[in-house]
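The feature pyridoxal 5'-phosphate binding site is assigned by TrEMBL to R75. What TrEMBL lists as substrate binding site is R97, S98, Q105, R313. As annotated by TrEMBL, tRNA binding site applies to R271, R398, K463. Feature annotation from TrEMBL assigns region 'Disordered' to 464-488. Per TrEMBL, the feature compositional bias 'Basic and acidic residues' maps to 464-478.
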Amino acid sequence: MNVENFGASERLVNAAYVRQGAQGRRAHELRLRALLEQGKCPEDGWDESTIELFLHELAIMDSNNFLGNCGVGEREGRVASGLVARRHYRLIHGIGRSGDISAVQPKAAGSSLLNKLTNSIVLDIIKLAGVRTVTNCFVVPMATGMSLTLCFLTLRHKRPKAKYIIWPRIDQKSCFKSMITAGFEPVVIENVLEGDELRTDVKAVEAKIQDLGAENVLCVHSTTSCFAPRVPDRLEELAVICSNYNIPHIVNNAYGVQSSKCMHLIQQGARVGRIDAFIQSLDKNFMVPVGGAIIAGFNDSFIQDISKMYPGRASASPSLDVLITLLSLGERGYRQLLKERKEMFSYLSSQLRKLAEVYNERLLNTPHNPISLAMSLENLDKHSDMAVTQLGSMLFTRQVSGARVVPLGSLQTVNDYTFKGFMSHTNNYPCAYLNAASAIGMKKQDVDLFLKRLDKCMKTFKKEKSNGKDVPEMDNCTKHTSAGEAED
């Protein structure tokens with residue numbers, strides 16, 4: 001209520017009580033004002049009543065919620081189900097216009113304000129996470145793969161002769177398919193083995209640019225967050241090469257916002273060389289439903305060009321989800337989640353190392369990977385040809401999600417490209433292994449339960465081996481080498 005309405009209320013209720021209520025309302029409004037004026041994530045998280053008040057205030061600014069509105073167009077924010085309307089807080093119009101996903105929508109001042117605020121708050125969080133010099137970003141209602149495709153399509157107009165994308169190999173289907181979908185030819189650069197780690201072959205990248213001709217290369221498509229034993233690409237060296245040859249550089253930072261190391265690599269790459277855009281998933285970094293990503297960069301005009309490439313309006317759901325989440329957490333809450341994730345990584349690493357030693361395996365030495373770990377399965381692989389795959393099946397049926405077992409020599413064809421040793425990021429990794437990751441939101445009880453179930457599965461093989469028996473049956477799930485296989 002405004003001042004006049006509070007004044008009118010004093011005719012019905014004791015004035016002192018009304019003034020007290022007005023002060024309570026004022027406390028909420030001061031939070032809203034600070035958000036609108038600063039466009040930054042609040043230091044402390046908001047309570048749900050403040051967030052809901054804010055969303056309702058935004059919703060009544062959209063034309064579909066005007067009292068007496070007369071809509072005669074084909075897109076007037078009409079919703080048949082009240083449940084659907086409430087699910088979206090009656091913010092129905094979406095974001096953007098036909099020519100630009102970041103543009104203001106005349107019929108939807110509230111939804112447009114939500115979009116602008118979300119982008120501003122997310123930019124603030126990216127800076128907080130370590131990329132201090134980022135200048136612009138926007139939330140796009142597509143997951144990481146399609147967001148990469150949008151970036152490649154934008155570059156097409158800037159480099160019409162280019163047909164190749166140079167891609168240090170990472171065995172994850174969506175980032176590979178993003179290049180195919182955009183109509184380009186991926187040039188796969190095999191990684192080099194350094195100890196247990198798979199690292200970027202920087203010399204091979206530069207040699208391939210010289211071989212193809214810089215003008216024929218659309219961009220270098222590098223990666224930060226990845227499954228061990230692959231580690232983040234050498235972004236600084238790649239950024240320098242891209243700068244020297246005047247080639248764009250797009251970074252797949254899928255779940256890298258939660259890692260200070262990944263964000264530092266992006267910051268350093270932009271400082272010493274060239275990074276045009278980096279893309280990160282909303283669900284992996286902010287614990288919201290799948291379906292959104294953030295496209296960010298260091299050049300305002302290029303990021304604006306990408307937003308203008310998106311055809312038509314877009315769903316506001318990803319923006320709404322991440323806005324609610326960050327307002328709930330506040331800067332302090334998100335920092336705490338990042339801190340806890342690092343602690344869980346150290347805990348998972350130490351406990352997985354201990355378990356590996358029990359079964360004469362070892363935790364692979366991958367110090368450059370800040371999120372994912374790998375435990376060798378060399379002795380298990382000797383037990384039987386199917387033992388490694390069987391372990392994946394056993395974990396899957398025991399409700400362990402996200403862990404991956406990687407056997408030796410598996411073949412996978414993706415869009416007519418055949419990869420040898422698929423999921424291991426190289427043709428011939430020395431041993432089979434199991435992956436586990438410490439991602440944002442993981443708790444100590446998750447680690448403990450995973451290790452307990454993994455230990456139980458490993459004991460099964462140890463017992464079978466001592467009895468001289470074959471590997472047990474496949475737990476009614478014969479092809480699951482990974483509890484997270486469908487994520488690819």
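Every residue gets a Cβ built from N, Cα and C, even glycine.
Please treat TrEMBL annotations as automatic predictions, because they have not gone through curation.
Shown here: features listed in TrEMBL, placed on the structure.
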residue	record	Cβ within 10 Å
R75	pyridoxal 5'-phosphate binding site	12
R97	substrate binding site	18
S98	substrate binding site	10
Q105	substrate binding site	19
R271	tRNA binding site	13
R313	substrate binding site	20
R398	tRNA binding site	16
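Taking every pair among R97, S98, Q105, R313, the residues recorded as binding substrate, the greatest CA to CA distance is 10 Å.
In this structure, the C-alpha atom of R313 (substrate binding site) lies 11 angstrom from that of R75 (pyridoxal 5'-phosphate binding site). S98 (substrate binding site) sits 13 Å from R75 (pyridoxal 5'-phosphate binding site), counting Cα to Cα. The substrate site is set by R97, S98, Q105, R313; from the centre of their CB atoms, other residues of the chain with a CB within 8 Å are G94, I95, G96, G99, D100, A103, G312. Cα separation, R271 (tRNA binding site) to Q105 (substrate binding site), rounded: 36 Å. Between the CA atoms of R97 (substrate binding site) and R75 (pyridoxal 5'-phosphate binding site) there is a gap of 12 Å. Rounded to the nearest whole angstrom, the C-alpha distance between R75 (pyridoxal 5'-phosphate binding site) and R398 (tRNA binding site) is 47. Looking at R398 (tRNA binding site) and Q105 (substrate binding site), their Cα atoms lie 48 Å from each other.
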